[in-house]
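Here is the structure we will look at, set down as C-alpha cells.
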Amino acid sequence: MSETSKQREERGRDLEPPGRRSLTDFAPPLPSEVPPAGLTTLPCARLGLCTLPHQTRAQRTLRTRLRLQTLTRERVLRFLRRNAFILLTVSAVVIGVSLAFALRPYQLTYRQIKYFSFPGELLMRMLQMLVLPLIVSSLVTGMASLDNKATGRMGMRAAVYYMVTTVIAVFIGILMVTIIHPGKGSKEGLHREGRIETIPTADAFMDLVRNMFPPNLVEACFKQFKTQYSTRVVTRTIVRTENGSELGASMPPPLSVENETSILENVSRALGTLQEVLSFEETVPVPGSANGINALGLVVFSVAFGLVIGGMKHKGRVLRDFFDSLNEAIMRLVGIIIW
C-alpha cells in the first residue's frame, strides 16, 4: 500500500531535528478554529507573541498564560540585571522621600540635616569634577570623527542644531528669570544683599555672547563673565542770569568740587549770575565675573577644535586617538561613580 503525499510529509516532519521545526508546531491550539472578524491569523498570534487588533478575551488570556509559562528564573535575573540602575534609582527616590516625611516631625537642626546630605554632596562633587573633561573630550571626539566629504553637511547641521538649541535654551532661561524673578521674596537674600539686583535683558544677552568667546581657557574652567553694576556721582553745574535764562551747563570732574564751587560763586556774584550745582547718582555697567564653569565657551572651543582636527586627516590622528581614549576613560569613571 503506497503512502500518500500527506503521510510522507508528516513522516518527514517527524524525522526533522527539533531545532528546524517552526514555532507553530509547538503552540497549543486556539480556543476556536475560526478566528473572529478583524483578527489576522499569523503564526505569532498562536504563540501570543504579537498583539493583533480585535483580540478576544480568551486569546489575550492565552497570550498572557504563554508568557508566564516561559518565565524562568534566568530570565527574571537577566531582566533585573539589565534594569538594575533604573530600579535602584526609583527605590532610592522612594526611600529618600519616605525618610524625609518620617523625619519631618522631629524638627532636625541645620547641622543634623547637613549630616544627612553629606553622601549626596559627595556624589554631586564627584560628578561635577568630571563635567569639564567630559564636555571637552566628548565634543572634540564627536566633531573630529566626522568625515568632511561624506557627512560634512550632516555634521554641520548637527553642530548648528546643537548651538541653536543651546542658545535658545539659555535665552528662554534668561527670559523666564526676567519675567518670574525667582527668589524675589527670599528674606535671606534681602538681608545679605540689601536689595535685589535687576539685570537688563540686553546686558544678559551680551553676557551670553561674551561667554561664548572666553579670552582665557584656563580661567573659563572656573570663572565666567558677568556684568556688574556700580554707582557713580555725576555733578552738573548750571549757570543762570538774573532774569532766569540759562547761559550754559557744564559737568566738572567730581574731584575738588568744594574749591571749584567757591570760585564759581565769587565769579557769579561779580557777573550777576546764579549758579546751580546738581548732583545725582548714575548706575553704570562694569565688567565682572562669577564663579562657575563657563560651559558655553568651552563648548564653542571644543566644537571648533574638533572640526579642525577632523580636517587635518592623518596629521590629526594622534589627537583624535588621545581624545577618544580620554572620552572612554571619563565615561568609565562616570559609570563607576554612578554605581
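Each Cβ is built from the backbone N, Cα and C atoms, and glycine gets one as well.
Summarising the annotation, TrEMBL assigns region 'Disordered' to 1-35.
According to TrEMBL, the feature compositional bias 'Basic and acidic residues' maps to 1-23.
The feature transmembrane segment is assigned by TrEMBL to 84-106 (among others).
The feature transmembrane segment is assigned by TrEMBL to 126-146 (among others). Within the same chain, residues 152, 154-155, 159, 221, 293, 295, 298-299, 302-303, 305-307, 309-310, 316, 319-320, 323-324, 326-327, 330-331, 333-334, 337 sit at least 6 positions outside the transmembrane segment (126-146) and bring their C-beta atoms closer than 8 Å to a C-beta of that stretch.
Marked as transmembrane segment by TrEMBL: 158-180 (among others). Using a Cβ-Cβ cut-off under 8 Å and counting only residues 6 or more beyond its ends in the same chain, the transmembrane segment (158-180) has close neighbours at 143, 199, 201, 204-205, 208, 296, 299-300, 303, 307.
According to TrEMBL, the transmembrane segment annotation covers 293-312 (among others). Within its own chain, the transmembrane segment (293-312) has Cβ neighbours under 8 Å at 131-132, 135-136, 139-148, 155, 159, 162-163, 166, 170, 208, 211-214, 217, 220-225, 319-320, 323, counting only residues six or more beyond its boundaries.
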